[in-house]
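Feature list (source: TrEMBL):
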type	residues	note
DOMAIN	33-500	domain 'Major facilitator superfamily (MFS) profile'
TRANSMEM	34-51	transmembrane segment
TRANSMEM	71-89	transmembrane segment
TRANSMEM	101-120	transmembrane segment
TRANSMEM	126-150	transmembrane segment
TRANSMEM	162-183	transmembrane segment
TRANSMEM	189-209	transmembrane segment
TRANSMEM	254-273	transmembrane segment
TRANSMEM	293-315	transmembrane segment
TRANSMEM	335-354	transmembrane segment
TRANSMEM	366-387	transmembrane segment
REGION	426-466	region 'Disordered'
COMPBIAS	426-435	compositional bias 'Polar residues'
Amino acid sequence: MATPPTGDIWHNATCQLPDNKNPLKFSRRKRARVVAAGIAIIANSALGSSLPSGATSEIGKAFSVSGRLQLVLLNSLYMLGFAIGPLIFGPLSEHIGRRPVLIGTYISYMIFTLCCAVSPNFTALLIFRLFCGVAAAAPNAVVGPVFADIFDHPGPRGKATAYYMCATSMVPPLGPIISGYASTSSWRLTFWIGLGIAGVFLPLVVCLPETYVPIIRKKCGMDSGNIEKQQMTLAQELKIIFSRPFVMTVQEPVVLLTSLYLALVYATLYLFFQAYPIIFQGVYGLSYGEVGLTFLPITAGSVAALGLFLCYSSYHSSAMEASAAWAHKIEYRRLPLACAGGPLIIISLFWLGWTSYPNIHPAVPSMSGLFFGAGYLVEFMALLNYITDAYRQYSASAQAAASTMRSITAVVLPLAAPKIKIHKMTPTQPETNELSEVRQPQPLETQQPKAHNTMDPQKAPETEEPSLNLRGGGACDGRLCGIIPCPIPVNCWIIPCPCC
């Protein structure tokens, strides 16, 4: 694959367009409408991913499905669609344009959500959930590049992407709340509500203008001199377009490394949609609706992360205006925030795993979501902006590669959730903690390739010890591991001894 065009080449191609067709010269109101449409599309896509999470028990009763693993498929098949869709729609948007892809897939998402609401049996429901996921996957690969089309300066582009990523983080926790309460009347009401929410934003989506420069140039008759492209057959052109995400994954280390790291973070969020009901219903006996409310701290953490991103962006812009040497290094535009997000995720996972005990109020483990929501969103805002900055014209293919990889892990990892009950719940969390601690320095490695050599290789196994017997069930004797006096006198109320 040819090297993606530099910013100057992309800018020159855009400047040749008439002002009324040039996406970089859209009015402020028109740009705001494009951003609002993009956020609406991605928000509905994210909501659909978790929509049935709080209604799985009612769905199981309605269709006589008792296997926990079968019910997990309601979310996993949607995420499988998330893995398939970007590979189709990301490259396709670089061939036919952003507008037809986003409008067509949004309407398809609404149609298949309707089909879910009227499904006659469990098999049909699973099939429709898969198709919903395929259609809803398009904005994961296309919305970010749309913002790159209309914002030439990385500052406004980064803020627009931050708002859109905030929607992807804040909206999924609302799914279990909606389905948890709606399913008390009927599990079908869950999907009717999802369809209604999507319908509210349909007029905004339909009015979305085309923003992809090569397609606009083609419609304006400005690509007649591209002899090489004219000599290509349709099959050759499609082969290049649809193979681009795979080629970029193999040939571009930035795409590969960021995709791997985001895949782990993303899959952890969708593991929570299966683990939270086990934790807060199995241990604390909360209702479906109350379990949904335990996701709200993740949303609150996402809001805090958005504020952190905007503050850092303003600080970076001020440093550039002051001609600070560090601010003119491209890697410092996004990656410092990515390095800060990893520790927040690790803290949240240990917090959840070490406080999920019957003698501890359920608010304590649920508040771990504050750190997870903040770390999750900071990572995504920083690294997806980094990818968009690096690949302007082909950013949709780069985003497609990243989206597919993280969606595959989001399919597989939640399938381990039923094992939480077998292992008394807490070993799953420390195992995830260990994975996060190993992967967390990745953004720093992207920025400074030798940074990983400074890590002590002996430190990683330390996280294995707490996963041995976190819930052994014995009474606390006032000592950690029976040897060291416990620093918390009230029977280890906050952090129980891992060996007691």
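Yeah, the Cβs are placed from backbone N, Cα and C, and that goes for glycine too.
Here the structure is a predicted model, which means the values were calculated and not measured.
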Should anything in the same chain at least six residues away from the transmembrane segment (101-120) have a Cβ under 8 Å from its Cβ atoms, list it; otherwise answer none.
37, 41, 44-45, 48, 85, 89, 92-93, 128-129, 131-132, 135-139, 142-143, 146, 188, 191-192, 194-195, 198-199, 202, 205-206, 208
Restricting to the same chain and to residues at least six past its boundaries, which positions have a Cβ under 8 Å from a Cβ of the transmembrane segment (293-315)?
155, 158-159, 162-163, 166, 169-170, 172-174, 176-177, 269, 272, 276, 280, 286, 336-337, 341, 362, 366-378, 381-382
How about the transmembrane segment (34-51) and the transmembrane segment (126-150): do they have 3 or more C-beta pairs under 8 A, pairs 6 or more apart in sequence?
yes
Counting Cβ pairs closer than 8 Å to the transmembrane segment (162-183), the top stretch among 71-89, 126-150, 366-387 is 366-387
Close approaches to the transmembrane segment (366-387) from elsewhere in its chain (Cβ under 8 angstroms; 6 or more beyond its ends):
144, 154, 157-158, 161-162, 165-166, 168-170, 173, 254-255, 258, 261-262, 265-266, 268-269, 272, 280, 294-302, 304-306, 308-309, 333-338, 340-345, 347-349, 351-352, 355, 395, 398-399, 402, 443, 446
Using Cβ atoms and a strict cutoff of less than 8 Å, what residues sit near the transmembrane segment (126-150) while being 6 or more residues removed from its termini?
23-24, 26, 31, 34-35, 38, 41-42, 44-45, 48-49, 52, 73-74, 77-86, 88-90, 93, 98, 101-102, 105-106, 108-109, 112-113, 115-116, 119, 157, 160-161, 164, 211-213, 384, 387-388, 392, 395-397, 399-400, 403, 407
